[in-house]
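Heads up, the thing below is written out as structure tokens.
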Amino acid sequence: MLRAAKFRIYPTAAQEAFLWAQWGAVRECWNMALFLKKHYYRTRGVSLDLINEIKPLIARAKKSKKYAWLREYDSMALQESVRNLNKGYRAFFERRAGFPHYKSRRGPQSSYHCTNVSVGPNYVRVPKMEPIKARIHREVVGKVKSITLEADAAGDYYAAVLWEDGLAEKEPLKEIYEDQVIGIDVGITDLLTESNGRKEPNPRHLKRARKALRRRSRQFSRTMKGSRRREKARRRLARAHKRVANARTDNLHKVSSRLVNESQALAAESLRIINMMKNHHL
């Protein structure tokens with residue numbers, strides 16, 4: 001059975017510099033593939049296949065003087081960026097996401113690695129780098145399938161690990177008792193209401209943190225563009241938003257764990273919460 005976990009990593013200054021350089025290479029491959037896809041369609045009316053026609057160009061580009069620097073980084077990470085772009089196009093045509101856009105250094109950064117990867121008691125290992133110090137808070141037993149290295153807006157680094165534990169997946173229950181089924185109605189005022197009448201209050205994390213966020217936002221707006229103080233203020237603001245997001249996620253995990261432990265089956269209405277928020281009478 002596949003399992004996944006995200007671990008905090010602590011790269012050295014040299015590893016941090018290499019990570020940002022590698023993410024730059026990943027962005028370059030994404031942007032190059034997106035440019036070729038758009039350019040050929042606009043000028044020749046031809047829609048190039050990202051996997052079969054554009055992805056092989058990465059290996060050819062590495063042989064040129066202009067893109068020889070790409071050889072310094074994990075080839076699987078570079079190829080995965082084109083696969084991700086292909087997924088982005090598919091999601092766009094299926095109306096599940098917007099049109100893919102060029103990536104910049106200021107956005108989220110990540111790179112995918114699936115060969116020569118491993119996890120130790122206090123480190124993760126990926127190609128082209130020495131082991132990176134990590135806080136392994138969950139035991140990883142089995143074959144590691146992939147490691148995705150990420151950086152968030154607050155300046156923290158993470159490794160998302162996917163591994164196969166060798167255990168068989170649990171089969172669904174053949175018989176479910178009616179009194180062990182809980183219906184869930186998601187709301188705005190309350191987080192959710194259960195069919196047994198129990199209501200889960202909405203903790204309103206953002207509302208409680210509004211004062212701190214407003215203060216950090218003012219501090220950021222008063223700094224000069226391009227200055228070191230502005231970068232520090234930006235990270236402090238991002239960290240404040242991150243605390244709110246972490247509190248919200250933690251609460252959702254606690255509620256979902258309670259519901260799963262107390263019932264055999266859950267039933268919920270298929271709806272989009274964003275549409276409910278547009279109704280100002282709710």
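Glycine is no exception: its Cβ is also placed from the backbone N, Cα and C atoms.
Sequence-distant contacts of the domain 'Transposase putative helix-turn-helix' (1-44) (same chain, six or more residues past either end, CB-CB distance under 8 Å): 50, 54-55, 57-58, 61, 67, 69-70, 72-74, 77-82, 84-85, 89, 100-105, 109-111, 119, 124, 128-130, 132-138, 140, 142, 145, 149, 151, 156-169. Per TrEMBL, domain 'Transposase putative helix-turn-helix' is recorded for 1-44.
Summarising the annotation, TrEMBL assigns domain 'Probable transposase IS891/IS1136/IS1341' to 177-279. Across the domain 'Probable transposase IS891/IS1136/IS1341' (177-279), DSSP assigns 60 helix, 18 strand, 25 coil.
Note on the region 'Disordered' (216-236): residues 153-155 of its chain, located 6 or more positions outside it, place their CB under 8 angstroms from a CB of the stretch. The annotation region 'Disordered' is assigned in TrEMBL to 216-236.
The DSSP breakdown of the domain 'Transposase putative helix-turn-helix' (1-44), given as helix, strand and coil counts, is 32 helix, 9 strand, 3 coil.
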